[in-house]
Amino acid sequence: MTAPSQVLKIRRPDDWHLHLRDGDMLKTVMPYTSEIYGRAIVMPNLAPPVTTVEAAVAYRQRILDAVPAGHNFTPLMTCYLTDSLDPNELERGFNEGVFTAAKLYPANATTNSSHGVTSIDAIMPVLERMEKIGMPLLVHGEVTHADIDIFDREAHFIESVMEPLRQRLTALKVVFEHITTKDAADYVRDGNERLAATITPQHLMFNRNHMLVGGVRPHLYCLPILKRNIHQQALRELVASGFNRVFLGTDSAPHARHRKESSCGCAGCFNAPTALGSYATVFEEMNALQHFEAFCSVNGPQFYGLPVNDTFIELVREEQQVAESIALTDDTLVPFLAGETVRWSVKQ
């Protein structure tokens, strides 16, 4: 990586956690990812969810159809785990190169997760098969019991689900997605080479005060929810340390404005247009730009056993204003940091 003060040249990054949606929304958001990233792990929580090889093949084609000419982008598809999923279907998809990984959503933990897993025991045959074939498990790490406070769901998940699971299936590769707490940062750092994590730009840049003090900011509302400053700092320190089992996963999750600015608003930040520059800003603030390229472009492929991208992109350090909104067919989409001035952006 070469890093004169105003330009950062890095190997083309990948996004290891992305929501592209479907239909018109997919067509609108796709270019913001495909112009920057070489690959992305695409979340399967459509309605209905992606639970079969055929559904994944069809969705992959819709994604490719939405990629503009001139963009070189590969979607990496995932299977949505359910209590009734057939392990043979999962293995077939993995062997045919359709499924890169499988996603565990605890039932009702986040958007379109009502079909999710009710207990680890319910899917143990599937998880045992994944361990056997070397297929990574991607985990939304929150418990959903009504008596557990929303700010404590991730820490409880580590203790009650993640650690028992990893003790039981010691060879299973696990990505603890969008970690948000010091508990998770410590857990991943202290884990073995079969455990990795992704972190979003919003959880590195903000804490719950930013979302709640002086008025509710619905466009910072995502799940897992922003936590206390102590947790934000732990995440920043983890990425700044150069730790090699944490990597870029934006969790970019678009919702139309009326679904965010609502009496019961949806969870998710549409950060695809601004994520890479946001990460660069954090690494610069932490005096850790020497680790930026690995976080964006190397650590993820290394964990997944994939080659790194062979093309490069440049970020330029000059102030730019983020658009207030992006047009949809019948509404608008508000990007992460809308209307704000950002320090780093991708050189066009």
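Backbone N, Cα and C define each Cβ position, glycine as well.
There are 27 other Cβ atoms within 10 Å of the Cβ belonging to K103 (Zn(2+) 1 binding site). According to Swiss-Prot, the Zn(2+) 1 binding site annotation covers H17, H19, K103, D251, on the basis of sequence analysis.
Under the heading substrate binding site, Swiss-Prot lists H19, L20, R21, N45, H140, L223, H255, A267. For H255 (substrate binding site), the Cβ neighbour count at a 10 Å cut-off comes to 25, with all displayed protein chains included. In this structure, H255 (substrate binding site) belongs to neither helix nor strand by DSSP; it is coil.
For H140 (substrate binding site), the same-chain residues lying six or more positions away in sequence with a CB closer than 8 A to its CB are K103, L104, Y105, P106, A109, T110, S113, E177, H178, P224. DSSP gives H140 (substrate binding site) a coil state; it is part of no helix or strand. According to Swiss-Prot, the Zn(2+) 2 binding site annotation covers K103, H140, H178, on the basis of sequence analysis.
What Swiss-Prot lists as N6-carboxylysine is K103. Mapped onto three states, the DSSP output places K103 (Zn(2+) 1 binding site) in strand.
Feature annotation from Swiss-Prot assigns active site to D251; the stated evidence is sequence analysis. Cβ neighbours of D251 (Zn(2+) 1 binding site) (same chain, under 8 Å, six or more residues apart in sequence): H17, L18, H19, E177, H178, T198, T200, C222, G268, C269, N271.
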Check your understanding: With the Zn(2+) 2 site defined by K103, H140, H178, which remaining residues of that chain have Cβ atoms positioned within 8 Å of the Cβ centroid?
Key -> H17, M43, L104, Y105, T110, L138, V139, G141, E177, D251
Review point. Given the binding-site residues L20, L223, A267, which one is most crowded in terms of C-beta atoms within 10 angstroms?
Key: L20
Practice item. Look at each of the binding-site residues, H17, H19, R21, H178, and point out the one with the fewest other Cβ atoms around it within 10 Å. Key: R21
Review point. What same-chain residues, at least 6 away in sequence, bring their CB to under 8 Å of the CB of N45 (substrate binding site)?
Key: H19, Y80, K103, Y105, T110, T111, N112, S113
